[in-house]
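Asks: Input: one structure, supplied below.
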Amino acid sequence: MEHNQQPTQFQEMDSGEKRLNELGYKQELRREMTLFKTLAISFSTMTLFTGITPLYGSSLQYAGPASLVWGWVVVSFFTCFVGVAMAEICSSFPTTGSLYFWAAHLAGPKWGPFSSWCCAWLETIGLIAGIGTQAYAGSQTLQSIILLSTGTNKDGGYFAPKWLFLCMYVSLTLIWAVLNTFALEVIAFIDIISIWWQVIGGLVIVIMLPLVAMTRKSAAYVFTSFEMGVDSTGVSSKPYAVILSFLVSQYSLYGYDAAAHLTEETKGADKNGPISILFSIGIIAVFGWAYILALTFSIQDFSYLYDPSNETAGAFVPAQILYDAFHGRYHNSAGAIVLLFVIWGSFFFGGLSITTSAARVVYALSRDKGIPYSSIWRQVHPKRKVPSNAVWLCAAICIVMGLPILKVNVVFTAITSICTIGWVGGYAVPIFARMVMPEKNFKPGPFYLGRARRPVCLVAFVWICYTCSVFLLPTYYPITWDTFNYAPVALGVGLSLVMAWWWVDARKWFKGPVRNIEISSNGKV
């Protein structure tokens, strides 16, 4: 009987697990996530509010509403090329290591280890910084909620000082780490709540905000008005102002690779991984544009949004738009506080999902001995089957990144730039390798581009390079210690150390992804 059952078991093996075994990895993580759960986590990592909300005010200030509104459409268009290119690769390589695993195999035996090394560290830096962006923006939203709940800036409300802001930042990071220490079902369940939270909350804000606002801006103002904020930003060049106004869209429209990080835990990952990537981009592109339009149509007084003496202390433009709308009609801030809580929930869910993704990448890189003390970080909890040590390493680094909050005013700018360049820059390596590799060496999965892969990958690669470049630019003039974008320095030092480690030592032993299944000469496990 036992002999007869073995073929049946092999036939029932999940298609993603079978492909994983072919690639040289055994199934260690629990494979129980459905397409909807994977889509929920991917959607939550991108999130509807978390990219737009913190950068909306600064992007609007550079060149006015038209540049911001149409910038989202332009960035969404080019993001689709990146998503399609990544979906094809994900279909062929459904592994938790995702980007850096793809880079190693697509670049071939000669360049594979170096490509894998670069991609792995870019992705790791970007994801860990991504936790910091969510913690910072979530704390910023909570700061506004507390201020409006205690009487507004004009009526003696409490505006959280820097030390309390840092405490909120650290607390959010620790909460996400604790939740990620539990079984993956808990995270998946929370992310199911997240997708409905954002869909329903998004619809409420998008529909309610323009209706509640006492006056609404005209369509001509929203879609055609171009206003330079030279006095506030110091940027006098129109093309440069437009470039900077696109940053909110470029920061918001990534994170769809989260589905790839969970492929070893997803049923039918060679099909469901690509579907999750593409659906996430489509949903966020539509909802994100609607959110931007709702905020922009609801502006009451453009100049008052940035006034330090306004009700929200000029610190958070979306909060002031919400306050103006609800206070103008109902003469209280209760509605604004409720919608800010909806937005804060989005930051909370987004940070939780990014922590999940960051821990999976650290775990996968540690499994291949690419991080110091890899034996510690690659350990999987024997009962819960989650990489708990990797979770806490990510949380610790994120907390250290937030410590300058006490002294520096441009921490969010730097963390955002580091996050975007690291995260999106990691996409470029496997996409470039896929573009130049011989087609005969590529084993396609169910999602295959065929002849379209070279033009799609070329557009995606050029767009990624452009995106990384603009996040290194100064965002305010004149350049002083208070306005200096520290991202080039921070990234330069960090990546220089990583490259130095490669040339001095790691290139001698790091070979990229390490198989943990022996494969015989006929290719069978």
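Heads up, the Cβ atoms here are built off N, Cα and C, so glycines get one too.
TrEMBL lists these features:
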type	residues	note
TRANSMEM	35-57	transmembrane segment
TRANSMEM	69-90	transmembrane segment
TRANSMEM	163-189	transmembrane segment
TRANSMEM	195-213	transmembrane segment
TRANSMEM	277-299	transmembrane segment
TRANSMEM	336-365	transmembrane segment
TRANSMEM	386-406	transmembrane segment
TRANSMEM	412-436	transmembrane segment
TRANSMEM	456-477	transmembrane segment
TRANSMEM	483-504	transmembrane segment
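Structural setting of the listed features?
Replies: Through the fold, the transmembrane segment (195-213) approaches residues 39-40, 43-44, 47-49, 287, 290-291, 293-295, 297-298, 300, 321-322, 324-326, 328-330, 335, 339, 342-343, 345-346, 349 of its own chain, all at least 6 residues removed from its boundaries and within a Cβ separation under 8 Å.
Remote same-chain residues near the transmembrane segment (277-299) are listed as 39, 42-43, 46-49, 51-52, 56, 60, 65, 68-69, 72-73, 76, 79-80, 83-84, 86-87, 90, 198-199, 202, 205-207, 209-210, 212-213, 216-217, 222, 249, 252-253, 255-260, 305, 318, 321, 324-325 (criterion: CB distance under 8 Å, separation of at least six residues from the stretch ends).
Beyond the ends of the transmembrane segment (386-406), by six or more residues, the same chain brings 127-129, 131-132, 135-136, 162-163, 165-166, 169-170, 173-174, 176-177, 180-184, 355, 358-360, 362-363, 366, 376-380, 415 to within a C-beta distance below 8 angstroms of the stretch.
Below 8 angstroms of C-beta separation, residues 58, 78-79, 81-82, 84-86, 233-235, 243-244, 246-247, 250, 413, 416-417, 420-421, 424-425, 427-428, 431-432, 434-435, 449, 483-485, 487-488, 491 of the same chain, each at least six residues beyond the ends of the transmembrane segment (456-477), sit close to that stretch.
With a threshold of 8 Å between CB atoms, the same-chain residues lying at least 6 positions outside the transmembrane segment (483-504) that come near it are 114, 117, 121-122, 125, 234, 408, 410, 413-414, 417-418, 421-422, 471-477, 510.
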